[in-house]
Amino acid sequence: MNLKHPTRKDHILIKVVNNLLIDLPTPSNLSIMWNWGSLLGIFLIIPIITGLFLAMHYTPHMNLAFESIYHIMYDVNMGWLIRFIHVNGASFFFIFLYLHMARGMYYYSFHYKEVWLIGCTIYVVSMATAFMGYILPWGQMSLWGATVITNMLTTIPYLGQYLVQWIWGGFAVGNPTLNRFFVLHFILPFIILALSIIHLIFLHSKGSTNPLGMNSNAYKIPFHPYYSSKDLMFLLLLMMIMMVIIFWNPFLFMDAENSLEANFMKTPVHIKPEWYFLWVYTLLRSIPNKLGGVLTMVFSILILFLLPFISNFNYITSMSMINKLLFWSFVVNMLILTWIGGMPVVPLFETMGLTSTFLYFIIILIYSNSFLMINKS
């Protein structure tokens, strides 16, 4: 008797999902550090869905944006919950994104060039999306953050000033800026979603790394039910943690200054972005020259794109003690940069920021080429 194949293997659309998420051959020794990718997918969908409901009640106008946020919080049924899930979900998304990138660096996953480059592109687009979302509540930090960050474009020779005024839609941040940021903040997550699918396709065509860094083609197991059940358990745990934060301290990841309505006549004592951009902000302000600070910030992201091209290695070297020392030094330095970014600009933090900026580039360059150093020693 001929046994009919399951529908998931024959249907022209369902079999694509089946090959990516169900019958996917997966190395049998993946650790919990390989969970972040699936969690990122879930925590990308959550802000998209909640953002759709928020957009139904938000008004992108200078005189109404701040009031519309409070309208959502107080008047819309469960609006407060939708907003807090959206905001804290975005913070969790960036936590998982940094952990996902750190795992990729630790296990030298950037030798999968297409996968790594698309992943870095997703990170950049996510940064742009989150920045625009930070502006929409139209609080004090929203206004002055938009003014400071968009002003960086004035460092572009000849075109800079015109480009800034074109983005603003005038001679200062105003209604046109808010409208444009609202539209882009709505559209960009769908671009991230499309890039994530391409990221998955390239990853599964090349195969994944594993903790040992060895070829795992000899023994693989299907993704479902072995890893899908593990991912689901971890997802439920993290969802519980997020809900505890939402019900206990929903403003944990937010700045208190942004609870004040935007005021062009009053500047905050310390203008700073969301916590997940503080490390980049430290690099920007560590250089006393405006152009130098912007270039430093650009190169800090660009160097991630260049990792597959500047690295010299023949196999995974995450087992090396030198590499472990370099990697964890890099992690500690990133945490220091993040901490300094939230501190006021005083001589002590300026010196620490400049030192940490220098170490950021030095460590990442040595780490990417440490295999050569080991071979030569």
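Any Cβ shown, glycine's included, is placed from N, Cα and C.
Per Swiss-Prot, heme b b562 binding site is recorded for HIS86, HIS185, and the stated evidence type is similarity to another entry. Contacts of HIS86 (heme b b562 binding site) defined by a Cβ separation under 8 A and a same-chain sequence distance of 6+ are given as ILE46, PRO47, THR50, GLY51, LEU54, in order along the sequence.
Secondary structure at HIS199 (heme b b566 binding site), taken from DSSP and collapsed to helix, strand or coil, is helix. Within 10 Å of the C-beta of HIS199 (heme b b566 binding site) there are 22 other C-beta atoms, taking all protein chains into account. The heme b b566 binding site annotation in Swiss-Prot covers HIS100, HIS199.
The Cβ neighbour count for HIS204 (ubiquinone binding site), using a 10 Å radius and every protein chain shown, is 17. The ubiquinone binding site feature in Swiss-Prot is assigned to HIS204; the stated evidence is similarity to another entry.
What Swiss-Prot lists as transmembrane segment is 36-56 (among others).
Per Swiss-Prot, transmembrane segment is recorded for 80-102 (among others), and the stated evidence type is similarity to another entry. Within its own chain, the transmembrane segment (80-102) has Cβ neighbours under 8 Å at 33, 36-37, 39-40, 43-44, 46-47, 50-51, 53-54, 69, 72-74, 119, 123, 126, 130, 133, 238, 242, 245-246, 250, 252-254, 274-276, 304, 331, counting only residues six or more beyond its boundaries.
Sequence annotations record features per position, and here Swiss-Prot assigns transmembrane segment to 115-135 (among others). Same-chain residues lying 6 or more positions outside the transmembrane segment (115-135) and placing a CB less than 8 Å from one of its CB atoms are 90, 93-94, 97, 100-101, 104, 109, 141-143, 145-146, 149, 177-178, 181-182, 184-185, 188-189, 191-192, 195-196, 198-199, 202-203, 206, 258, 273-274, 276-277, 280, 301, 304-305, 307-308.
Per Swiss-Prot, the feature transmembrane segment maps to 181-201 (among others); the stated evidence is similarity to another entry.
Residues or ranges marked as transmembrane segment in Swiss-Prot (evidence: similarity to another entry): 227-247 (among others). If you look at the transmembrane segment (227-247), the same-chain residues 6 or more away from its ends with a CB under 8 A from one of its CBs are 21-22, 26, 30, 32, 34-35, 38-39, 42, 81, 84-85, 88-89, 92.
Among the features that Swiss-Prot reports, transmembrane segment is placed at 291-311 (among others). Within the chain, the transmembrane segment (291-311) has long-range Cβ neighbours (under 8 A, six or more residues past its boundaries) at 101, 105, 108, 110-113, 116-117, 120, 123-124, 152, 155, 280, 283-285, 357, 360-361, 364-365, 368-369, 371.
Annotated transmembrane segment per Swiss-Prot: 326-346 (among others), in sequence order.
Per Swiss-Prot, transmembrane segment is recorded for 354-374 (among others).
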Inter-residue C-alpha distance, HIS204 (ubiquinone binding site) and HIS100 (heme b b566 binding site) (nearest angstrom): 16
C-alpha spacing of HIS185 (heme b b562 binding site) relative to HIS100 (heme b b566 binding site), in angstrom: 23
